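Let me begin by presenting the structure, written as structure tokens, before commenting on it.
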């Protein structure tokens, strides 16, 4: 927060061709102060979230942003004590800073618990949670974006599923799908354990459970619970599509009132569709399945398969290259380590599991569904989305980015394996680790220790930490001044 305020003051804002609603004139001194201190949190898509929280879904293309985060901002505004008069935007910026500070901390805590449950290596899970705290998508975790809320809900849901709390996990996934549309893909986390449970039962030896009636009863029970969970996860997105249809396509939709003339003029200049202003119905209203979300992505932002593959987009592909390489490397490492497990989709009972000695760590069988999920997001984002959003897309949706980076550091960095105060290979004294902390597991901060001993690190460790911290800092500099970091 301090750095974004400093960069926002020192660097002039770029005149970007982005959504920028008109601001009311006559802002007071407190409003100007908050704009100077927190204005960097309201750039690019944050303008949409702040506008929705203040005025609702007045513009058609605002419907690409799902409602849970802006509704939470509006609710928090109503709860915050305000001893000085503030305009809505200033109060919303303050609410966004406070809310996302809390949510990003909750997301890190949920990722720590999830890592302990899946990886079964506390030090690895702790290192991954620390890496999340300096995520390359860090600026989006602080800005008025929905990334922190989505990460907190998704990681918490995954952790609850690992604990066996299926319905609580599904409820959290449902809230996540009301935050971001890709939350619907999380239904796979509810489906896979049930499919695997059924497959393992079919492989069980002869006995009463193999009887046809019992088997069909169990199949029906698993299918019914999976269908209910998936319906609950899809429901928020479906309800919002219905809300948009009624608002923009319904014959009885009331005309919008109290819309400032400056906003109407902006809509005329930019070609935005305003609710209830006497225009023809949007073309998506006549589709067999009227989905405003896919229409906006297609019409306003030209999102689609291979549409971004143009020569002028090479700089954006270069920005996405580190996370693409890291995600691809994670998938290849897992598949090459567990080829049979991947070919059978993890549905085959393994001898190690029967003996209760399944492998732990990143390459363990428990991480399979997370690797599949991350790979699916990576492939879809690379070929079908604006590729520059891939870093934040993966950074808030999947733990694999942090688990694999932590796995590489643990496996290939001798400094993390040292138990004394000297480097295990060079014998040089280490900074950031006192003799009193030796042997106490996670009593010291491994990321800080690595940074303090930067010259002793391996090239791989420098590359990983350089990517995380470099993008963390570069994102603050560029995003907060409307430069191309979206």
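Even glycines carry a Cβ here, placed using N, Cα and C.
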Segment assigned the feature transmembrane segment in TrEMBL (from 19-43, 44-68, 194-218, 219-243): 219-243
CB contact flag for the transmembrane segment (317-337) and the transmembrane segment (358-383), at least three pairs under 8 A: yes
Highest-contact recorded stretch vs the transmembrane segment (464-485), from 90-112, 124-146, 166-192, 219-243, 358-383, CB pairs under 8 Å: 124-146
Selection from 124-146, 166-192, 219-243, the stretch that has most Cβ pairs under 8 A to the transmembrane segment (90-112): 124-146
Spatial neighbours of the transmembrane segment (166-192) far in sequence, C-beta under 8 Å, 6+ residues away: 66-69, 146, 149-150, 153-154, 156-160, 225-226, 229-230, 232-237, 240, 293, 346, 369, 372-373, 376-377, 393, 396-397
Positions whose Cβ lies under 8 angstroms from the transmembrane segment (124-146), at least six residues beyond its ends: 1, 4, 40-43, 45-46, 49-50, 65-66, 68-69, 73, 92-93, 96-97, 100-101, 104, 107-109, 111-116, 179-180, 322-323, 361-362, 391-392, 395-396, 399, 401-403, 405-407, 409-410, 416, 442, 445-447, 467-472, 475-476, 479-480, 485
